[in-house]
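Features reported for this protein in Swiss-Prot:
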BINDING   ARG53, THR54, GLN88, ASP119, TYR120, ASN314  AMP binding site
MOD_RES   LYS58  N6-(pyridoxal phosphate)lysine
Amino acid sequence: MHITYDLPVAIEDILEAKKRLAGKIYKTGMPRSNYFSERCKGEIFLKFENMQRTGSFKIRGAFNKLSSLTEAEKRKGVVACSAGNHAQGVSLSCAMLGIDGKVVMPKGAPKSKVAATCDYSAEVVLHGDNFNDTIAKVSEIVETEGRIFIPPYDDPKVIAGQGTIGLEIMEDLYDVDNVIVPIGGGGLIAGIAIAIKSINPTIKVIGVQAENVHGMAASYYTGEITTHRTTGTLADGCDVSRPGNLTYEIVRELVDDIVLVSEDEIRNSMIALIQRNKVITEGAGALACAALLSGKLDSHIQNRKTVSIISGGNIDLSRVSQITGLVDA
């Protein structure tokens with residue numbers, strides 16, 4: 001028996017996405033972390049989406065969206081824009097489904113993410129310096145080539161695909177008390193919140209954003225969609241200054257809280273994951289654990305069971321060396 005909410009995505013959409021994704025993606029592991037459990041005085045489980053195909057959760061939403069296109073739409077080809085993880089998810093999904101794909105990435109995108117996107121199948125177009133520049137280029141491609149745009153987060157099928165993580169959490173740890181989720185544009189937390197709250201509304205779903213870029217948190221607390229970005233962040237995968245319209249609506253309705261973490265807290269979380277759990281994550285992937293270590297969630301997590309989403313691990317090795325040389329865990 002599921003609880004139904006009057007929202008753009010329902011638990012039924014996520015269950016349908018699970019069927020589409022069966023055999024196409026990994027059901028990622030979710031082990032208990034002794035280190036984080038001891039530090040946080042609760043039971044902490046890490047959901048390793050950095051071990052997912054393409055190195056992040058993004059393939060879930062990308063494949064669900066692409067596989068739901070009509071045959072006529074598939075023949076037109078698709079286009080997406082991304083700094084990395086969505087690009088890789090779309091590129092691999094195109095290869096799996098036999099769809100011609102084109103991805104627009106900013107000129108400053110990490111070299112490893114550009115290379116991986118090319119390797120999976122899609123044609124990569126490097127354009128502009130930021131998300132607004134890439135969106136403008138995508139609009140031009142849609143107009144001139146007739147391709148179908150695959151949004152990175154603000155789309156019901158994309159949100160439903162990301163929500164399959166919530167189903168896996170409930171399958172593996174039904175008595176979980178809290179789920180801590182990184183936020184960029186909001187697709188991941190929106191999908192997870194629908195899945196979790198439809199099954200058990202007493203479970204808390206808490207978001208985490210970087211202090212430097214927190215459009216969703218600013219919108220959540222002011223009650224209207226707004227933009228927030230002061231400068232860049234180590235969590236470059238979550239460097240989204242304005243949330244999506246659909247994702248904001250879902251987050252406003254279902255998410256229990258959003259906390260902010262500093263750049264030092266993100267860095268220390270990345271180092272702790274490497275040193276204590278032998279796990280390499282990108283900055284965005286370390287956001288949830290940064291919130292756990294910060295003490296800002298102590299009232300929620302002490303003596304309770306908490307899942308922390310490690311959303312991705314696509315980071316240049318040179319960047320890892322730079323980060324680990326700055327701060328001790």
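Residue positions begin at 1 at the first shown residue.
Any Cβ shown, glycine's included, is placed from N, Cα and C.
Listed in sequence order, the binding-site residues from GLN88, ASP119, TYR120, ASN314 having a Cα within 10 Å of the Cα of LYS58 (N6-(pyridoxal phosphate)lysine) are GLN88.
Around ASN314 (AMP binding site), taking its Cβ as the centre, 23 other Cβ atoms fall within 10 Å, counting all chains. Sitting within 8 Å of the Cβ centre of ARG53, THR54, GLN88, ASP119, TYR120, ASN314, and not among those site residues for AMP, are the Cβ atoms of GLY55, ILE59, GLY89, SER91, LEU92, ALA116, THR117. Of all residue pairs in ARG53, THR54, GLN88, ASP119, TYR120, ASN314, the annotated binders of AMP, the farthest apart have Cα atoms separated by 15 Å. Shown are the binding-site residues ARG53, THR54, GLN88, ASP119, TYR120; the one with the most C-beta atoms within 10 angstroms of its own C-beta is GLN88.
All protein chains included, LYS58 (N6-(pyridoxal phosphate)lysine) registers 33 other Cβ atoms within 10 Å of its own Cβ.
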